[in-house]
Amino acid sequence: MTLTIALAKGRTAAQVLPLLSATGINCTALQEKNRRLLFTDDPDFHFVLVKAPDVLTYLNRGTVDIGIVGSDILEEQGHQQFDMLDLRTGRCRFILASTPDFDPHQTNRKRIATKYPHIAQRYFQDQGEDVEMIKIEGSVELAPLTGMADAIVDITETGTTLRENHLKAFATLTPVSTHLVVNRLALKQKKPTIYQLIQALQRVRPQEV
Amino acid sequence: MSNRHLPVGTRDEFGPRAIRKENLIQIMSRHFIDAGFDRVKTPLLEYRDVFQPLTVTGEQPYQMLDDAGETVVMRPDLTLPLARLLSTTNIQPPVHWWYVGDIFRVRKSLSGTYNQITQAGIELIGYASLKAEWACLSEAIRICDDLKVADLTLELSDARFVPQVLQTLALDPVTKAALKKAFFTKNLSDYERLTEPLAANALYPFLKQWPWLFGPAESVFEQLKQLLPPAFVREQVARLQTTVDFLRDQFSNLTVTLDLTSQPPQSYYTGIFFHAYVPNRREYLFSGGRYDRLMASFQRDLLPAVGLAFDVDALTDTVQEPTASPQTFVYGLPSQWQETAAVVATSPNARLCLVDSLAEAQVLAKSSHARLIDLSPKEATL
C-alpha cells in the first residue's frame with residue numbers, strides 16, 4: 001500500500017530526510033539537488049515537495065496521506081487533520097520582539113507586524129489586549145526599525161537575525177518544531193503502513209530537550 | 001466583471017456529472033419511498049439559532065439579516081431543521097422522514113472545496129430500539145449496492161465509549177480535558193506525556209494501545225478482550241458486537257470496521273455512530289448515528305432519534321460512469337412533428353434537431369459528433 005507524503009521544501013526537508021532514511025526509506029532521489037518535485041520511484045513511499053503553506057492544502061484535499069511541516073504553519077492555518085507526531089527537528093520559537101526602547105506596557109494600541117496574524121492575534125487575546133495587526137510576507141524585522149510597527153511576532157531559532165538588526169525579544173510565545181500530520185481518512189484506509197512509519201520515526205527522532 | 005464569475009466555493013452543474021447526480025437522487029428517493037419514509041422539506045433559510053448546537057470547526061454559515069433585523073442563515077445542516085419542525089408542530093413521533101437538499105458552509109477560501117453540498121438522508125425519530133440503527137444502515141448499504149459502489153467499508157463507533165474510559169481515570173479536570181483533546185486529535189506526543197503518570201493504573205496497557213484501537217471489527221474486539229476487564233464498557237461493546245453480527249448476516253460482502261477512538265460528529269450524539277467510505281477516496285459517502293439529545297435545544301422533551309445523510313456529491317464522484325449511448329439528433333419536417341417526437345422518445349440519448357434544413361442538421365450533427373436520424377421525405381430534401 002503506497003503512502004504519499006507531502007514534504008515542506010527547504011530546511012524542513014533537509015532536516016527530516018535523515019530521519020526518514022534512518023527508518024529505512026530510500027531518500028536518495030530526494031537528497032539530490034535538482035528541481036524534481038514528485039518522487040514515485042519507491043513503490044511504498046511517494047513524495048511531493050511543496051512550499052510549507054501548501055502542505056495542508058494537499059493534505060486536506062486528500063491528495064496526499066501524510067504532511068510533514070512546521071507547527072508554525074499548522075497553528076497559523078488551523079486544520080482538522082491528525083497532528084500525530086512531533087519529529088523534534090526544526091526547533092525554534094515564536095517571540096515578540098522590537099527595538100530596545102519598546103515598552104510592552106505602552107498604553108497606545110500596539111501595531112504588530114507579522115507573517116503569522118492568527119498566532120499573534122491569539123497571543124494578544126490571551127493577554128487580554130487588542131492590537132492592530134499588519135501582515136508582512138518577509139523581512140519582518142524591518143517593521144519596528146522603520147517605525148511601521150511597534151513590535152513584531154516572528155520565529156527565531158538562535159536570535160542571530162534579531163541581534164544583527166538590533167532587536168530584542170520581549171516575550172516567548174510558543175515553541176515550533178516539525179510535525180507529521182495524517183489525513184483523517186487515510187489513517188483508517190492505510191493504518192498498518194502509517195502505524196509502522198510512526199513507530200519507526202518515534203525510534204529515530206531526536207530526544208526531547 | 002462580477003456578472004461573469006461565480007462566488008468562491010460555488011459551481012454550475014451540467015453535463016454527464018449532473019445527469020449522474022440526478023439519477024443517484026432518483027434512485028435514493030425511490031429507496032426511501034419504498035421503505036416507507038415520508039418526504040420532508042424545510043426552507044433554505046432558517047434563523048441562526050436553529051443551528052446553535054452545530055459545531056463545525058473552521059466552517060461558517062452564510063448569514064444575513066431579515067426585515068426585522070434577525071440573523072438568518074442558509075442552512076448548514078439538514079437534521080436540526082427537522083428537530084425544529086418536530087418540536088414546533090403537533091406531529092406525533094415516531095416519524096420516518098427522508099429529505100434531499102443542499103446545505104451551505106463557508107469553507108476555507110481558494111482551497112479547492114465547495115460551499116454548497118447536496119445531502120440526502122433519513123431520520124427515524126421516536127425509536128430507542130437498536131433496530132432503528134439497523135434500519136438506517138440497511139437502507140444506506142442497499143443504496144450503495146444498487147449504485148454498484150465497490151469495496152464499501154462501514155465504520156462503527158460509540159459516542160459513550162471515550163467519556164466512560166476517561167471517567168475512570170484519576171486525573172484532575174484540566175489534565176483530563178487536555179488528554180481528551182490530545183486523544184481526539186491523535187496528538188501522540190501529548191497523549192503519551194499525559195498518560196505516562198498513569199503507568200500504575202490497571203488500564204495502562206489499554207491506554208498505550210488506545211489511540212490505535214480502530215480497524216477490522218474482529219481484531220478490535222479481540223484487542224478489547226485482551227486489554228480491558230470483562231465488565232468494563234460491556235453494554236457499548238455488546239451493542240457494537242450485535243450490530244456487527246447483524247451486518248455480517250445481512251450483507252456478506254460488506255467490510256465492517258470499528259473505531260473506538262473517534263470523536264462524535266456533534267455533541268448531541270449519544271450512541272452508535274457510523275461512517276462509510278471506499279478506498280482511495282478521502283470523503284465519507286454517508287455518516288450518521290444515534291442522537292437522543294437532538295431535541296435538547298428546542299425546549300421539548302428529548303426523543304430518541306437515529307439518522308444518516310449521504311454526501312451526494314461524494315457519491316456522484318465515486319460511482320462508475322455508465323457507458324453513455326452516442327448523442328442522436330432527430331430531424332424531420334414540421335409536418336412530421338409527432339413522428340419525430342416519437343423517435344426521440346424511443347431512442348436513447350436523442351433530442352430534436354431544431355433547424356430548418358437537412359443541410360443545417362448535418363452540419364450541427366457533424367460539429368457535435370452526433371448521429372443524425374433524418375425522417376424527412378427524400379423529395380423534400382432535394
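Here the Cβ of each residue, glycine as well, is placed from N, Cα and C on the backbone.
Going by what TrEMBL states, the L-histidine site holds B:Asp77, B:Leu78, B:Thr79, B:Gln119, B:Glu123, B:Tyr268, B:Tyr269, and the candidate of B:Arg105, B:Arg142, B:Arg248 recorded there is B:Arg105. Contacts of B:Tyr269 (L-histidine binding site) defined by a Cβ separation under 8 A and a same-chain sequence distance of 6+ are given as B:Ala159, B:Gly289, B:Arg290, B:Tyr291, B:Arg293, in order along the sequence.
All chains included, 21 other C-beta atoms sit within 10 angstroms of the C-beta of B:Arg105 (L-histidine binding site). With the fewest other Cβ atoms inside 10 Å of its Cβ, the least crowded of the binding-site residues B:Asp77, B:Glu123 in this structure is B:Asp77. When Cβ atoms from all protein chains are considered, those within 10 Å of B:Thr79 (L-histidine binding site) total 26, not counting its own. In three-state terms derived from DSSP, B:Gln119 (L-histidine binding site) belongs to an extended strand segment.
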